[in-house]
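Chemist: Structure provided below as structure tokens; questions to follow.
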Amino acid sequence: MAAPRGPGLFLIPALLGLLGVAWCSLSFGVSRDDDLLLPYPLARRRPSRDCARVRSGSPEQESWPPPPTNPGASHHAAVRTFVSHFEGRAVAGHLTRVADPLRTFSVLEPGGAGGCAQKRRATVEDTAVPAGCRIAQNGGFFRMSTGECLGNVVSDGRLVSSSGGLQNAQFGIRRDGTIVTGYLSEEEVLDPVNPFVQLLSGVVWLIRNGNIYINESQAIECDETQETGSFSKFVNVMSARTAVGHDREGQLILFHADGQTEQRGLNLWEMAEFLRQQDVVNAINLDGGGSATFVLNGTLASYPSDHCQDNMWRCPRQVSTVVCVHEPRCQPPDCSGHGTCVDGHCECTSHFWRGEACSELDCGPSNCSQHGLCTETGCHCDAGWTGSNCSEECPLGWYGPGCQRPCQCEHQCSCDPQTGNCSISQVRQCLQPTEATPRAGELASFTRTTWLALTLTLIFLLLISTGVNVSLFLGSRAERNRHLDGDYVYHPLQEVNGEALTAEKEHMEETSNPFKD
């Protein structure tokens, strides 16, 4: 009895198909670009705001704030594969949810940096593998004949292509993590305050704030006839499709559906409704048809619609920009040159750099006390101020920025702490140019001079005193000698009873008057 062959036989075509795709990638290389799905003519550029009929008072874009930063949260993207039925036909594809898109999502130029300037085309695999993409899809539209990137393209903070204000649906992420969807003026694209770090252009805004927005997009982006038919046909024809958007949690959404123009796949209405049911809030349509490609971990994971050079096989098309999901990266990757990127978050290396990108100078709550400028080395104080936070006025004898200059005033005049001008109207006095207080050598010199002056003064006073004493001594001696050489008067002692005094008195009278009777 023969062994059952059913399950094994069903695997053979699938394996052959995968081998065929792999062989095409390795051997045949370039596709024939035969599944074209173009929204506009190739030869005509539309002017800015062409046919725009925006409702009065309604903003032309939606901004979604970034989710709260959670360094410990998982950054793994969730890829879901679906096979769903639309109008009785089965459609297979992928829907990817990406957490923390500011750090895990990038718009890549074809073949790497410089691809748009050089008008290169490359397969999604060739662009995604060197960039380390875990998940990658084709991105924006391009000119098939020249490879020119169309619309706005900002790749990792670099504006590499500008639409000049041409109105097509845009999807971008600003430096602070805000997700922007909709229509942008040229000034908004070039905004220097909160610039875009990732931005690309699509065609047709599929979902706006949870509602399908295709009709409004057709009015804004115009209905023009082109090589593959009208803009209406571009919207309504079934084909392979790709899209990018976000959900209510701020997660980025990538959508891919296999198909072939007019044979299998989805139209834009079906894709928009499918995304709306997946809680997508805003989304735009990206390049589809033969460009639609999905790469997982560096390997083609979709079924291209373009034929290889050998019509037996299908080959991925060489496209333009690529949307890439990678391991968490810092924005900017070098943390503005002031930090180290660790698991998608910048750890600032300086004491004064702060912020998600280490790009904000912070010198503390006092902010240099409004008397200085905060720099990466701390506060640089204005003239007349000093201290770590510029809160102290210059000490006496110093002036200028940070009080680094000594005053040059003479005669102890005042010195302006800001300009250094000498003015007698100032209350404070200038000190010596070198220091605000005398140095040890100056103190020693001052002490020696003082003691010398005091010593000389004392010696002088001592000499004067000695001279005066000698003069007095000599004068006293001369007076004494004069009394010894001349007459003297005898004064007898007085008796107690007075008799001797009377007799002596009478004797003296007789002696003094010899002519008395």
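Using N, Cα and C of the backbone, Cβ positions are placed for all residues, glycine too.
Not measured: the values here are computed from a predicted model.
According to Swiss-Prot, the protein has these features:
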type     : residues : note
DOMAIN   : 359-391  : domain 'EGF-like'
CARBOHYD : N215     : N-linked glycosylation site
CARBOHYD : N297     : N-linked glycosylation site
CARBOHYD : N367     : N-linked glycosylation site
CARBOHYD : N389     : N-linked glycosylation site
CARBOHYD : N421     : N-linked glycosylation site
REGION   : 49-75    : region 'Disordered'
REGION   : 488-495  : region 'Mediates the interaction with AP4M1'
MOTIF    : 511-515  : motif 'NPF internalization motif'
TOPO_DOM : 50-453   : topological domain 'Lumenal'
TOPO_DOM : 475-517  : topological domain 'Cytoplasmic'
TRANSMEM : 454-474  : transmembrane segment
Chemist: Checking the glycosylation sites N297, N389, N421, which are within 10 Å of N367 (N-linked glycosylation site) at the Cα level?
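Modeler: If one measures from the Cα of N367 (N-linked glycosylation site), the glycosylation sites that come within 10 Å are N389.
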Chemist: Relative to the Cα of N389 (N-linked glycosylation site), which of the glycosylation sites N215, N297, N421 has the closest Cα?
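Modeler: Checking each of N215, N297, N421 against N389 (N-linked glycosylation site), the shortest Cα distance is to N421.
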Chemist: Just to verify a number: CA distance, N421 (N-linked glycosylation site) to N297 (N-linked glycosylation site), in angstrom, no decimals.
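Modeler: Approximately 71 Å lies between the Cα of N421 (N-linked glycosylation site) and that of N297 (N-linked glycosylation site).
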Chemist: N215 (N-linked glycosylation site) to N297 (N-linked glycosylation site): how many Å between their Cα atoms?
Modeler: 37
Chemist: Taking the Cβ of N297 (N-linked glycosylation site) as the reference point, list residues of the same chain whose Cβ is under 8 angstroms away and which are at least six residues distant in sequence.
Modeler: R134, I135
Chemist: Which state, by DSSP, holds N367 (N-linked glycosylation site): helix, strand or coil?
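Modeler: Once the DSSP labels are grouped into three classes, N367 (N-linked glycosylation site) ends up as helix.
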Chemist: May I ask you to report the DSSP-based helix, strand or coil state of N421 (N-linked glycosylation site)?
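Modeler: In three-state terms, N421 (N-linked glycosylation site) counts as coil.
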Chemist: I need the most crowded of these glycosylation sites: N215, N389, N421. Count other C-beta atoms within 10 angstroms of each C-beta and give me the top one.
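Modeler: Highest number of other Cβ atoms within 10 Å: N389.
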Chemist: Should N215 (N-linked glycosylation site) be counted as helix, strand, or coil on the basis of DSSP?
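Modeler: DSSP call for N215 (N-linked glycosylation site): helix.
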Chemist: Let's check the environment of N367 (N-linked glycosylation site): how many other CB atoms sit within 10 Å of its CB?
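Modeler: Counting Cβ neighbours of N367 (N-linked glycosylation site) within 10 Å gives 16.
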